[in-house]
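Undergrad: Just passing along the structure, written as structure tokens.
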Amino acid sequence: MQRALPGARQHLGAILSSASVVVKALCAAVLFLYLLSFAVDTGCLAVTPGYLFPPNFWIWTLATHGLMEQHVWDVAISLATVVVAGRLLEPLWGALELLIFFSVVNVSVGLLGAFAYLLTYMASFNLVYLFTVRIHGALGFLGGVLVALKQTMGDCVVLRVPQVRVSVVPMLLLGLLLLLRLATLLQSPALASYGFGLISSWVYLRFYQRHSRGRGDMADHFAFATFFPEILQPVVSLLANLVHGLLVKVKICQKTVKRYDVGAPSSITISLPGTDPQDAERRRQLALKALNERLKRVEDQSVWPSMDDDEEEAGAKMDSPVPSDKAPTLPGKGAVPESSLITFEAAPPTL
């Protein structure tokens with residue numbers, strides 16, 4: 001362990017040295033608030049449902065709860081999440097968009113979590129859900145990062161045995177956290193933070209994120225039903241379409257618009273707003289790579305006949321003269337090859 005710590009520190013230092021200002025600022029804020037918790041009570045930085053709503057209005061907790069950690073392992077998870085987002089998402093979005101994504105996810109997690117516990121209090125009249133529950137930590141942002149990775153690189157393999165792709169990691173982690181909660185090894189605010197992080201990040205990336213092609217990402221591989229197993233996708237897709245239609249009617253979401261590109265006379269291209277050309281190019285490259293691998297396997301399994309024998313046989317036929325059945329002969333001479341242009345006759349005897 002002591003040998004591994006210097007290497008880990010050196011690797012982390014190299015990553016942070018090449019990171020942007022946003023990533024460095026978020027990591028510094030997490031470390032600062034964690035160290036501050038040893039000196040003062042930082043509970044006022046977490047979202048407490050009873051204090052967020054009137055008459056207290058602790059609005060600042062919506063911005064600080066995602067940076068506040070109480071245990072060293074939570075700090076490690078928070079820093080790793082920010083670093084991964086900086087390495088994989090920031091080159092695609094930019095530093096400003098990453099900061100906007102972080103803010104949107106954390107504010108949404110705070111609001112949705114507080115509202116959910118408020119409804120729980122209204123059903124149970126238990127004041128614990130209002131003034132004891134504290135929502136904090138980076139699990140909400142972790143859920144948002146996993147959703148964004150599903151959108152950008154969902155086909156990448158995380159584990160080979162068994163084969164696990166990035167696209168299924170968000171729901172696998174949700175199932176793991178649910179099992180930990182049932183075993184009372186995890187508190188309910190952590191599970192709520194991760195779940196609301198998944199939902200809020202998907203809604204933002206699906207409908208509201210701005211980029212070069214407009215807003216959102218209406219690609220089929222990023223539909224809400226794709227987060228669930230294939231056996232449940234038809235039912236989830238039906239329910240999601242009903243909810244989306246209701247949100248369109250109340251003008252919270254926009255209706256999907258298809259664009260027809262008739263640039264080429266032989267084909268018509270249908271594109272959805274929000275589909276990124278880089279993502280389409282990445283998928284074409286993956287399909288081309290898979291096709292090349294299949295062709296290579298077919299070539300290795302097939303036995304092709306050798307062309308050397310055919311070339312030798314053809315060369316022998318060209319070198320050998322064509323036999324003639326009617327070759328004229330001269331007196332006292334051997335056979336003379338027959339020509340179609342010149343004929344030979346016996347010369348008259350000399351006097």
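Placement of Cβ uses the backbone N, Cα and C atoms for every residue, glycine included.
Features from TrEMBL:
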TRANSMEM  12-37  transmembrane segment
TRANSMEM  57-86  transmembrane segment
TRANSMEM  98-121  transmembrane segment
TRANSMEM  127-149  transmembrane segment
TRANSMEM  161-180  transmembrane segment
TRANSMEM  186-205  transmembrane segment
REGION    300-351  region 'Disordered'
Undergrad: Does the transmembrane segment (98-121) reach the transmembrane segment (186-205) with at least 3 CB pairs under 8 A, where each pair is 6 or more residues apart?
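TA: These two stretches do touch.
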Undergrad: So what's near the transmembrane segment (127-149) in sequence-distant terms, Cβ-Cβ under 8 Å and 6+ beyond its ends?
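TA: Answer is 30, 43, 45-51, 65-70, 74, 77-78, 81-82, 84-85, 88-89, 101-102, 105-106, 109-110, 113-114, 117-118, 120-121, 166, 169-170, 173-174, 177, 188-190, 192-198, 200-202, 205.
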